[in-house]
């Protein structure tokens, strides 16, 4: 029994010694690793210290202002003291009107619609005013810039576009709104807007016209007693992109004006105008309207040189030119508003249509006179000979005169009684008068043939001359 106890005690000592030796070896290895780490990290620690010293000395590359957004005490709303003021009212409420300056940069003039009488414009609209409620302390006098989220919490001018049909603020990729606040409370509020507004156009000289359109900006709620709206830099407040161009118009001028608008129920308001003048390009309408109409009129003159008996040639030519002119007039009016006055292009097209229509009427007159002429000629040709069986006298006087020799030649066909001499004289007079009437009919027939040919002959000169005179008068008035 004693031997067993001794054996157990020795085994316990051996296990205890092995555990102690293992802990000592582990401790020595840890110290060695720690020493190696300290030796290897000393250069890195030195570099970090040198980097910090360079930052403190103001390196131009690494120098940056402290990020105040990381401090819970410098939240933008707290810095601007938004919760300490009532921004539902304008700055300086109860005092004089607050001045609000405006400047505009036109990015694009997208379209001009004659049918709807409107235009579409994209622009940058900027407002400038001072709100002392937004002033904040600053050591470097730097401004603070915000996006559209802060705009909803402060007062901004309530501008709108007068006579606008559609407008929207661009929101790709976020709302295109910018707010910049200076330490003294000066505010810049900028937004990117596309607006479609009405433009009263006068088409009395279309397409040789010049149009003037205006984009009008006004405060919706504040009269001139509360808000004084003005162009910040006068006429220089309006900037335009040099690349702006339109397919049908030449942009001649952009300029600004300021006026007062009166509403009977609310009062007087400041209104800003962006005026621009557009001159229409004429070359497109020369190719599409004026040249085809002129060619159709000239084509209608070809019928004056075609034989008047060639009905299948002259009638289709006249009808074709009339229908073509009708198509041109319909096409032009389809792209125009239904105005109640006459346009310049209407005058040209309808006068051209009248010339074409008159050429058709000219052939109708020629054809009618030709038919009448042929009918009378046929009657003269088909008239029966004299019913008496007497031989024709040798000599006939147109005026119906006679002599004794003529009467004696007819005596052997008649009775030899002296009482019959008066009857023979009457027959002679009857025959002479019939011959005289036939000669007068032939004279009228020749005269009628000359008049019929003269219609075409005179038309070849009158129609082109009158149309050239019309063009000279037209272009001298409207060009």
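Glycine is treated like the rest: Cβ placed from N, Cα and C.
All annotation found in TrEMBL is predicted automatically rather than curated by experts.
TrEMBL lists 1-24 with the feature signal peptide.
Taken from TrEMBL, the feature region 'Disordered' applies to 38-68.
Among the features that TrEMBL reports, compositional bias 'Basic and acidic residues' is placed at 46-56.
Residues or ranges marked as domain 'Neurotransmitter-gated ion-channel ligand-binding' in TrEMBL: 82-281.
Taken from TrEMBL, the feature transmembrane segment covers 282-305 (among others).
The annotation domain 'Neurotransmitter-gated ion-channel transmembrane' is assigned in TrEMBL to 289-383.
Sequence annotations record features per position, and here TrEMBL assigns transmembrane segment to 317-335 (among others). Long-range Cβ contacts of the transmembrane segment (317-335) within its own chain (Cβ-Cβ under 8 Å, at least 6 residues beyond either end) map to 114-115, 289, 292-293, 296-297, 299-300, 302-303, 306, 345-346, 349-350, 352-353, 356-357, 359-360, 363.
Residues 289-290, 293-294, 296-297, 300-301, 303-304, 308, 311, 314-315, 318-319, 321-322, 325-326, 328-329, 332, 448, 451-452, 455-456, 459, 463, 466-467, 470, 474 of the same chain, all 6+ positions outside the transmembrane segment (347-369), place their C-beta atoms under 8 angstroms from a C-beta of that stretch. Per TrEMBL, transmembrane segment is recorded for 347-369 (among others).
Annotated transmembrane segment per TrEMBL: 458-477 (among others), in sequence order.
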With DSSP helix as H/G/I and strand as E/B, how many residues of the domain 'Neurotransmitter-gated ion-channel transmembrane' (289-383) fall in helix, strand and coil?
80 helix, 0 strand, 15 coil
